[in-house]
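Okay, structure first, notes after.
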Amino acid sequence: MGANVLTQSVEFNKEQIESSFKRLHPHANFIAERIVYYPYYYFCYNVKAKRLFLPLNEKVGCAIDSISGKGSLIDYKPKWKAIEISKEQQMPEMYSLEDCTSISESFIYRSLSLKMRMISFPELKREQQQRFYRPYWVVWNERAESSDFIVDGVSGQFHPL
Amino acid sequence: MNLDIIIFFTYLLGMLGIGLYFTRSASASADHYLLGNRKIGAPVTAISMQSTSMSGFMFMGGPAQAFQEGWHALWYAIGDAGGSIVNLSVLGKRMRRLSQLLGALSPIEYLEKRFESFGIRVYGAIIAIIFLFAYAFAQFIAAGKALSAMSGFPYEWALILGVGVIVIYTVAGGYLAVAVSGFIQGIIMLIGVTAIGIMVLPKVGGLSGLNEQLAAIDPTYLSIWGKDLIYYGQWGVIIGAVLIYAIGYMGLPHVTVRHMSMQNANTTKNAIIWSAAFNQLFTFTPYILGLSAIVIMPVVSDPEMVIPELVYIFFPGILAAVLLSAIMAAIMSTCDSLLMQAGTTLSRDVYHRFINKKASHKQLLLVSRLCILFGGIIGIIVATYEPPTVFALVVFAFGVLGNTFLVPFIASVYARKANKIGILCAMISGSIINIVWELFALQNASGLHPFLAGLIASLIAMFIGNQFGTPPSDPILEAYDLAKQSKEIPKNLEKGIFEDLAPEARNISKFIQNQDNTNAVERKRDKDIEIEPEISLRLEG
């Protein structure tokens with residue numbers, strides 16, 4: 001039995017991933033074995049604050065990883081589509097929407113106070129929230145002593161497992 | 001008001017206009033501020049990053065030291081250029097991994113989590129804030145001197161004007177921080193510094209001609225021991241000079257913001273590589289210009305004004321003023337990020353954690369901004385009444401930061417059983433010995449650079465203190481072992497690793513392991529084989 005969820009599209013197929021790894025490391029054999037779907041909450045805030053010359057009235061988006069509760073700033077609003085994924089592919093979330101909402105507010109305030117210059121305290125208004133899943137490829141290295149990887153199916157960025 | 005100061009303000013207004021234009025055109029989202037301009041190409045990002053990291057030290061402190069001490073000053077540049085590479089490739093890798101595993105956002109938070117001690121966080125944050133401000137004060141002095149040279153105003157007035165502009169800019173504006181204005185400034189400086197080098201070096205007969213002329217003035221200018229062989233045989237001073245920039249910067253409490261690309265883009269990592277390349281170009285040139293100035297203009301009332309004076313000699317008035325304006329704007333940008341970091345560290349790491357745990361976001365922002373304002377006022381007082389040289393202040397600030405944090409950082413990834421008492425002892429003794437060495441000018445008497453003295457004290461204190469503390473907890477030891485990562489990663493792949501994905505990688509790894517264990521249990525039922533239980537890490541919070 002699968003579940004219907006909102007996900008981002010997989011931009012890199014199995015062959016692309018394997019050939020990219022092959023190009024970077026010709027002597028190893030990497031196998032993009034399967035895709036797992038990682039849960040996040042997307043939040044979009046409208047930020048209002050006073051600033052010299054140009055009042056601030058902008059949108060800021062962030063994604064909260066609902067397994068480890070970590071926030072990330074995002075550069076574009078994600079596009080989603082509804083698909084059915086199997087139970088083996090769907091990672092279970094650890095943080096609820098309520099937890100992630102409060103994490104996202106603190107995360108946005110922290111990022112704003114670090115990076116943005118404002119005269120007044122910013123007002124945050126939550127405009128959108130959505131749970132979504134992001135696809136990650138699990139890439140095995142056939143040599144046991146070498147590291148395996150995950151590859152972000154949207155951006156192509158990777159990290160050893 | 002003279003023409004140069006009019007050009008300076010016109011330049012600032014121009015940059016402000018560019019910043020406003022691009023802010024307005026991108027007004028649908030605030031990410032051009034928050035994400036450090038990740039949407040533009042790597043070289044553009046790199047030039048923009050480099051222009052905002054160029055400090056008063058580069059244009060005033062370094063050349064002045066070369067002007068006064070000869071080739072000996074290049075020891076500092078060698079540490080600056082080579083150290084960061086060694087640092088990133090040797091220590092950095094394990095530290096980044098462990099930092100991600102511990103979920104730390106700043107180096108100070110990392111130490112707190114690695115050694116499980118609030119004391120480390122408090123002491124680290126206090127030292128970081130004080131010496132971050134000391135570093136910012138050096139920029140204030142540089143800004144005052146640059147403005148004074150341009151405007152002809154007395155130094156004190158120029159200082160108040162410069163710091164005033166910086167503080168207002170930091171708290172309320174920040175429009176120069178957008179990528180396009182940073183890029184334009186970077187290009188102006190890149191062309192400017194290269195042009196000064198191209199014009200100055202032939203004038204002194206290239207590097208060999210420069211050396212011949214320096215030898216004719218005073219052969220000890222060419223010595224590795226400094227002019228008049230002042231540090232003759234003192235390897236302790238040389239080693240300290242090389243090490244100080246190589247590692248001092250690690251103490252700066254850089255705060256990272258995690259980022260997730262919504263499209264296929266990875267300019268940041270490339271930008272860092274580009275930026276490192278630009279850094280190499282800029283590290284040595286100012287020192288060479290300082291050496292050339294000994295030949296071209298042997299009498300200078302203030303050695304820190306060597307580059308502004310050279311600019312006025314080799315460029316027509318308006319171009320010189322534009323170049324100095326770009327230098328001044330770069331100093332402002334450096335100051336801006338230092339002050340923001342100090343304000344955030346004080347409000348989040350000290351005020352929120354230890355003074356007012358229930359502080360609202362509004363209060364935290366207020367504390368951060370007040371911190372910047374007070375820092376500006378104290379900076380003006382220090383820079384007016386007891387102005388040290390830019391070089392001395394930067395070396396002092398970097399020295400204390402390095403002595404506080406170097407041993408803890410190394411121990412965090414290379415000493416499995418290092419404990420909180422040992423680390424706290426290392427931090428306190430390293431910083432105090434450096435301060436005492438500087439205050440009582442013990443370098444000449446001992447032949448040891450304050451940085452090296454602090455380093456030795458820090459190491460000894462760690463070994464002694466470590467005998468008294470309790471060993472690290474099991475989860476920390478497990479994270480330490482994980483960060484060592486015994487599996488090999490090919491170099492080509494290692495360069496492309498996106499560190500922000502570490503938490504996802506860890507969770508996916510656990511997810512797969514759980515699935516495998518479930519399958520194994522099912523297989524065990526069939527085949528009756530034993531499986532090892534999974535060890536889980538709970539490091540968050």
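Glycine is treated like the rest: Cβ placed from N, Cα and C.
Lifted from TrEMBL, the feature list:
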| type | residues | note |
| --- | --- | --- |
| TRANSMEM | B:6-23 | transmembrane segment |
| TRANSMEM | B:44-61 | transmembrane segment |
| TRANSMEM | B:122-143 | transmembrane segment |
| TRANSMEM | B:155-176 | transmembrane segment |
| TRANSMEM | B:183-201 | transmembrane segment |
| TRANSMEM | B:229-252 | transmembrane segment |
| TRANSMEM | B:272-298 | transmembrane segment |
| TRANSMEM | B:310-331 | transmembrane segment |
| TRANSMEM | B:364-385 | transmembrane segment |
| TRANSMEM | B:391-414 | transmembrane segment |
| TRANSMEM | B:421-442 | transmembrane segment |
| TRANSMEM | B:448-465 | transmembrane segment |
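The highest tally of CB pairs under 8 A with the transmembrane segment (B:122-143), across B:183-201, B:310-331, B:391-414, B:448-465, is held by B:391-414.
Here the transmembrane segment (B:448-465) does not touch the transmembrane segment (B:364-385). Their Cβ atoms form fewer than 3 pairs under 8 Å, with each pair 6 or more residues apart. With a cut-off of 8 Å between Cβ atoms, the residues of this chain six or more beyond the transmembrane segment (B:421-442) that come close are 111, 115, 117, 119-120, 123-124, 127, 396, 399-400, 403-408, 411, 448, 450-451, 453-455, 457-469.
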